[in-house]
Structure formats: C-alpha cells, structure tokens
Amino acid sequence: MAVVASRCTGLLLPDLGASLAGFRRRRSTPASSLSFRPRRARRRLGSLSCIAPPDSAEPQTDEPAAKDDSTEDKAEASSASQDAGNPTFPNKDLSRRIALASTIGAVGLFAYQRLDFGGVSLKDLAANATPYEEALSNGKPTVVEFYADWCEVCRELAPDVYKVEQQYKDRVNFVMLNVDNTKWEQELDEFGVEGIPHFAFLDKEGNEEGNVVGRLPKQYFLDNVVALASGEPTVPHARVVGQFSSAESRKVHQVADPRSHG
C-alpha cells in the first residue's frame with residue numbers, strides 16, 4: 001500500500017487508488033494461471049512533501065498610509081493659505097498691555113509737561129516762599145528770585161533752589177516774585193530785571209550785594225547763600241549772567257489777590 005503525504009500536518013496516509021488497481025488485476029487473472037507464492041507485499045513510500053497553505057495574513061502595503069499623509073499635507077497647506085489671506089488680530093492680553101503702555105506714556109507726558117523736576121515745581125517754591133514785605137523787616141539776609149511759570153530755565157533750576165532753601169531757610173529769606181504780576185512793576189525796575197530767572201542777594205539791611213541771571217551752576221547759588229548766611233559783606237558771584245528768558249516775553253496779568261507775592 002502506497003503512502004502519501006498530508007498537505008497540512010505532514011502525516012503519512014495510505015494510497016487507496018493504488019490498492020484498488022491491484023485488486024482489480026488480481027480478479028481478472030484466470031484461476032489456472034494463478035500461482036500461490038507466498039510473497040510479502042512491499043510498501044512503496046511515496047515522496048513526503050508538505051504544501052504549506054497560503055498565509056491568510058498577507059502583509060499590507062503602505063499605500064493607504066501614504067494617502068493619509070498626503071491628505072494631511074494638503075489640509076495643512078490649505079489652512080496655511082487661508083491664514084495668509086486673513087488678517088491676524090492681537091489677543092485680549094496684548095490689547096491690555098498696549099492700553100497700559102499708552103496710559104503710562106500719557107502720565108509720563110503729563111509729568112513732563114509740568115516739568116516738575118526732582119519732584120519740585122515753581123508752585124512749590126512760591127508756596128513756601130517768605131512774603132517780600134516780611135523779608136525786608138525780619139533782620140535776615142534775603143534771596144529774591146524773579147520768575148515766571150512759562151520760564152523753562154526757572155523750572156529747571158527749581159530742584160536745586162529748593163535743596164539750598166531747605167538747608168538755609170532758618171537763616172536766609174527766600175522770596176519768589178512772579179514777573180507776570182503787575183504788583184511787582186516797581187521791583188522789576190529797581191533791580192533792573194531784563195531776563196529771568198533773576199536772583200538778587202540782599203544783606204540783612206536790604207542792600208543788594210550782587211545778582212545772578214539765567215542758568216547757573218548750583219555751586220554758584222550755594223556759595224552766594226552761604227556768604228549771606230555767614231554775614232559776609234559781599235558774595236563770591238556778584239555779576240553772573242547765563243542763559244535766560246527775556247523779561248519782555250512776560251504775560252502781564254493782574255492777580256485777584258494783591259497781597260499775593262507770586
């Protein structure tokens with residue numbers, strides 16, 4: 001009996017076709033010709049083979065993934081083109097920052113327009129000044145400053161004048177006379193004021209020892225005040241003229257309170 005190989009498991013199976021063919025030949029042979037020779041039938045082993053079944057899990061190709069990537073790239077390109085065509089607007093946080101910066105800039109501009117240098121303005125000096133009539137009668141030396149609110153040099157020097165004033169206000173009078181006030185016409189003529197700021201330095205009897213006009217170093221002003229406070233007969237800087245504003249540019253107006261020394 002022949003043996004065949006199974007396709008899937010590799011088991012040896014008998015060859016039924018060959019066995020049936022032999023059986024038919026034996027029946028067709030005449031009985032007279034039959035010889036009974038005992039003979040062992042040989043088994044023929046068929047060739048062993050195993051045909052592996054086709055793998056049902058076939059590897060998938062990369063075409064779908066490639067198509068997906070291509071689709072995503074097209075979508076991104078389309079989105080980018082739309083963004084390029086549409087204007088971008090700042091978010092709310094950026095808008096708040098811009099508004100805050102604008103507010104700070106406006107406050108800074110307002111402070112600059114006041115020219116409140118060093119935190120001190122001409123109005124501060126005028127408010128703390130000694131009235132002119134009192135200064136002439138209290139027996140102290142006096143510094144008289146002729147100024148105007150529109151005088152830029154006057155505003156620049158205000159912090160330096162204030163610092164010196166705070167040091168010597170107990171020994172020296174500091175008087176502020178606004179040239180726009182018609183009340184001081186006589187004093188303008190008496191001291192020969194042609195430019196401002198004009199600083200006149202008077203001894204304790206009210207006699208002028210010197211004057212300084214316009215922008216000057218802080219040390220000049222301090223030296224003259226120290227000389228007055230020390231009772232010296234003269235001041236070291238008696239005739240100094242720097243950059244000043246012309247008194248001819250003054251805006252004359254009558255103040256409501258004639259007692260005001262501003």
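Indices start at 1 and increase along the chain as displayed.
For all residues, glycine too, the Cβ spot is worked out from N, Cα and C.
The transit peptide annotation in Swiss-Prot covers 1-54.
Sequence annotations record features per position, and here Swiss-Prot assigns region 'Disordered' to 47-90.
Per Swiss-Prot, compositional bias 'Polar residues' is recorded for 78-89.
Swiss-Prot lists Cys151-Cys154 with the feature disulfide bond, giving sequence analysis as the kind of evidence. Long-range Cβ neighbours of Cys151 (disulfide bond) (same chain, at least 6 residues apart, Cβ-Cβ under 8 Å): Ile196, Pro197, Ser245. The DSSP secondary structure for Cys151 (disulfide bond) is coil.
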For Cys154 (disulfide bond), the number of other Cβ atoms found within 10 Å of its own Cβ: 26
